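All remarks here apply to the structure that follows.
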Amino acid sequence: MSLGQLSYTPVTDVGIGAIELYFPQNFVDQNDLEKFNNVSSGKYTIGLGQQQMGFCSDNEDIVSISLTVTRKLIETYKISTDSIGCLVVGTETMIDKSKSVKTALMDLFPGNSDIEGVDIKNACFGGAQALLHAIDWVTVNHPLDKKNAIVVVADIAIYEEGPARCTGGAGAIAFLICPDASIPIDRQFSACHMKNTWDFFKPITPIPSEYPVVDGSLSLSSYLEAVRMTYTYFISKVNRHTTGIDGLNSFDGVFLHSPFTKMVQKGLAVMNYTDSQLRHKQLNGNGVDHKLDENDRAGLAKMIELSAQVWKEKTDPYLVFNRRIGNMYTPSLFAQLLAYLAADDCVTGEKSILFFAYGSGLASAIFPGRVRQTSNLDKIRQVAIRAIKRLDDRIQFTPEEFTETLQKREVFLRSKEIPKSPSETSLFPNTYFLDNMDKLYRRSYTLHEEPNGVQNGNGIHH
């Protein structure tokens, strides 16, 4: 018998069957940051479109937030750990140059070591690639063993003192990937644009640092180029293999990676204009006589004007997490899906959605998905609604306290004192935290539980 000749029934509608979101309890207000940094009023809140920024103290790292969100996913949806055959982590937040975050998550799967997958890294794009990889894995493997996959996208985004510090954030999202999913991803229509750029990177330097090197203008132009190229490739692929798509009009929600929400608005404007050029149609009845250039300020402003209705209906309403948490890196794109699922618009009929994923360096992709009225969709929607409400349960810190917290992270990272113990700061209930680093730099974690099982969501100090 040849193993390659085994026959089985293919699976359909592979995609997201369950979702959980974690974000830290700490946040700082962007209005306060404007005053603290002595910049003009509205520079962060209007110019960048940001309201608040979440951040982690030195007692949370990439492993702790990944443990937290994965455990929440398993418990919320009562997932059997024996049903998982693949676990992939998308992150650019590194605490080890060799050992993957995924290996630490194996502690949550006692008795099941047959779980494929490791970490995937390329700036903010690693999460999208992890999702696509898991979809491929389930498509191939589920017919044989009936096993599903889990994808974790998580990052802690912080910047050194200066103009970019206001664009940080932190968060983690976990997905269950399975057949007959509530949010299937039509992976066969994904299209990508890859290129060697130096718009944002984190070199290994003599002095340990969590901070990236950023070329702001190159980052913007690279992002907009990626939108144009991926959308062009996507429409070309769709037109070659199917009929009936009417560009962006075919989608009820359009989600783009969000370094900050004004960047999303610019990206959508380029996508909308590219859509018009490809279909040779006027936008909102306002045609343009000449080709617009996204790298020209006036041209981009015109694109934004022409895309106002699409922005209002398909993208802007779903940026609540991005505005109030900031740039979570890999989760930033998928936080918009959660906000969309919390809205009343998705409760009737099948909906079509579109994702644009981007990671500096650069890697980018567009892929479509659908929201189906399955038996599990209501559970997912309740998780999304609770996550939005949990934004109001966070603790506000002053800019001075925020700055001190980042200094604590620097001290913890660079201190030669071994073993190390981070400071004690507030956490949401049922959150893992970094407890200790021993003389071999091995990190240990503890689950912070609410006393007596009470979960008030208001945070306590442990």
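Cβ coordinates come from backbone N, Cα and C, glycine included.
With Cys124, Thr167, Ser219, His257, Lys266, Asn327 listed by Swiss-Prot as binding (3S)-3-hydroxy-3-methylglutaryl-CoA, the candidate from Ser83, Ser98, Ser360 annotated for that site turns out to be Ser360. Looking at Asn327 ((3S)-3-hydroxy-3-methylglutaryl-CoA binding site) and Glu92 (active site, proton donor/acceptor), their Cα atoms lie 13 Å from each other. Within 10 Å of its Cβ, the residue among the recorded positions Lys266, Lys408 with the fewest other Cβ atoms is Lys408. In this structure, Glu92 (active site, proton donor/acceptor) belongs to neither helix nor strand by DSSP; it is coil. Glu92 (active site, proton donor/acceptor) sits 16 Å from Thr167 ((3S)-3-hydroxy-3-methylglutaryl-CoA binding site), counting Cα to Cα. Annotation for Cys124 ((3S)-3-hydroxy-3-methylglutaryl-CoA binding site): same-chain Cβ neighbours under 8 Å, separated by at least 6 residues, are Glu92, Asp155, His257, Pro259, Tyr329, Thr330, Ser332, Leu333, Ala357, Tyr358, Gly359, Ser360.
Calculated from their C-alpha atoms, the gap between Lys408 (SUMO cross-link) and Ser219 ((3S)-3-hydroxy-3-methylglutaryl-CoA binding site) amounts to 29 Å.
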